[in-house]
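Presented below is the structure to which this report refers.
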Amino acid sequence: MMWLNWRQFRIQALVAVGALVVAAAYTAYLGGDIRDAYDARQAACRDQADCAQATSQFRSAYQNTLLFLATGLALIPAVIGTFWGAPLIARELENGTHRLVWNQSVTRSRWLLTKVLLVGLAAMALTGAAAALLTWAARPFDEVVKEEFSTFVFGARDVAPIGYAALAVTLGTVAGLLLRRTLPSMAVTLVVFLAFQFFFPNVVRPSLIPPDRATLPMSVEAINGAQNLGSIGGGSVIGGVKMPHEPDAWIAQTSPLRTKDGKTLDGAEFNSCLDSPPKTGRGGTFGDTAVCLAKHDLHIDVRYHPSSRYWAFQWLETGIYLALSGVLTAFAVWRIRRRVS
Amino acid sequence: MPWTDAGHAGEFQDVGMAPTESPPTLHAEGLTKRYGRRGRLALSDVNLAVPSGRVIGLVGPNGAGKSTLLHLACGLTEPTSGSLTVLGSPPAANASHLARVGFVAQNTPVYGSFTVAEHLKLGATMNPAWDRSLAERRISQVGLNPTQRAGQLSGGQRAQLALTIAAAKRPELLIFDEPAAALDPLARRGFLHSLGEFVRELGASAVFSSHLLGDIEQVCDYLIVLCDSRIQLAGDTRDLLAGHARLISPRGESGWMPTGFEVISTDHSGAIVRGGTAPEALPCRVEPVTLEELVLGYMARAAAVPTAPATAAVRRAQR
């Protein structure tokens with residue numbers, strides 16, 4: 001049984017190992033580079049005044065590269081699910097070879113389980129190794145920038161990608177089993193998996209652990225610490241706020257700007273501050289607008305997670321993905337025993 | 001004349017089990033298979049009891065349910081209702097039951113990217129009772145190159161490979177789903193020859209479906225006629241031939257119908273009938289039926305169309 005699995009999987013495995021070697025070589029180079037830049041920044045930071053500029057330089061030097069790599073890492077499970085998971089059963093059903101292999105002295109459920117296990121574990125190992133490489137390379141950067149909860153970064157570090165790989169393979173297997181044809185199941189796997197990877201971090205992840213709540217007064221300094229004001233859809237909103245005493249905390253939900261009585265700041269007043277604030281000559285990110293808004297005595301209500309919950313989130317998310325993979329595998333075993341001819 | 005023991009043997013759907021120790025090869029009760037909830041009825045209330053040690057020919061027109069019956073027998077699909085046991089157990093119940101049944105599917109699927117030798121390796125690693133020497137001997141006998149990729153084999157070579165894989169696990173029952181249908185006459189003859197040799201060497205039972213009566217006649221000693229998702233006839237071929245006769249209508253009397261028999265089918269020259277009163281009293285000539293006449297007679301009856309005289313004449317002329 002294991003011989004057949006290996007024989008059918010060896011080319012994919014070789015390609016994967018080859019790709020991993022290339023990725024390892026590149027991340028080793030990148031990791032060294034980042035560490036050199038980090039040392040330079042540390043040296044610059046002996047002087048308080050130069051530190052901010054050195055940090056900003058360090059950040060902008062690697063931010064895009066690391067974001068690009070994180071996106072690439074997010075695509076690995078999707079590609080694996082599409083090219084390893086979906087054809088796993090579908091190709092056999094399409095070519096009729098299931099009628100050959102299912103009549104050897106190995107039950108269908110065992111055949112399916114060993115196949116899913118081999119390919120699933122290989123996918124988890126490959127993705128896990130790639131994630132470990134990226135986590136290592138980016139460590140000095142993550143230490144300085146502290147964005148471990150940003151959607152892309154969280155999903156491209158530590159253990160969470162292992163869960164994604166398991167889900168992608170089992171999802172592909174089930175799609176192939178149900179659709180019975182290789183190409184449609186590949187397409188469905190890719191679309192469904194990417195949709196789920198969008199849905200989960202944005203909808204499920206923030207409430208995996210009940211968030212803490214806080215009310216943040218919107219002083220001039222607080223407003224200037226934010227990243228954006230207003231939105232395309234209109235409304236008195238502020239974005240990219242940080243917790244005052246816990247800058248690393250993940251703010252999962254931010255209310256609109258609220259006045260003292262808890263009502264949302266009137267859109268007209270917000271816009272007038274945004275468009276034509278009284279001149280005060282104050283600097284900062286938002287200048288006069290910040291001063292104008294602060295005069296309204298505003299606050300926002302936020303839901304947030306302290307950064308100490310990072311590993312709880314990582315393990316929880318990995319566990320959920322592995323559990324879902326287990327459910328899909330169990331369904332596939334049930335289905336292959338009963339409904340496939 | 002075998003005509004005299006008509007009546008007890010080969011009765012329609014009444015195949016008495018031989019009093020042997022081993023369980024019947026196939027035993028079906030009320031076996032029904034419907035594809036989809038309101039889909040096509042592929043098998044309807046099939047009752048069968050095939051004793052062990054037979055080489056069973058399963059004949060019927062395309063779409064009669066032959067593949068469905070064989071897929072049920074090797075556990076590739078499950079019955080909608082009714083029961084089927086193969087060698088005394090539900091089909092494909094576990095690994096050891098899988099080891100007792102060899103199956104060669106229609107179009108003899110193999111892994112196109114595997115070599116012939118790799119297919120034997122597949123068989124060896126997946127079957128505890130794998131007979132390596134048998135497999136290698138057969139492969140060289142039929143002239144297959146072990147290093148050749150299966151995707152490059154001809155239809156006949158592929159069928160031989162699939163047959164070897166199914167047989168070298170040393171099953172007690174070999175099931176073939178129209179394995180020779182796509183083969184040219186020469187390859188078909190070679191395949192049927194191999195099949196016969198395997199069955200003899202293994203001492204196995206076999207089920208073999210085909211719509212080619214010649215194949216069945218060449219290999220089988222038990223016959224099942226399946227039409228319209230129902231069993232029309234089942235029994236040892238010898239008994240079936242003995243239990244039926246061809247009555248030649250008296251000269252010049254067209255539309256003549258014999259009485260006192262079950263008439264299976266009629267044509268311009270007479271009728272195929274089953275069992276009944278002693279033939280001596282008949283006012284007409286009595287001839288033994290051939291397997292082909294018998295099968296065509298039952299198939300024609302199932303289709304509710306009388307056997308076309310021209311077709312029958314052509315078929316007789318072909319022999």
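For all residues, glycine too, the Cβ spot is worked out from N, Cα and C.
Automated prediction, rather than curation, is the source of TrEMBL annotations.
Looking at A:12-32, A:159-179, the stretch flagged in TrEMBL as transmembrane segment turns out to be A:159-179. Of the ranges A:111-139, A:186-204, A:312-334, the one with the most Cβ pairs under 8 Å to the transmembrane segment (A:159-179) is A:312-334.
For the transmembrane segment (A:186-204), the residues of the chain that approach it from at least six positions outside its boundaries are 74, 77-78, 81-83, 85-87, 90, 151, 154-155, 164, 167-168, 171-172, 175-176, 179, 317, 320, judged by C-beta separation under 8 angstroms.
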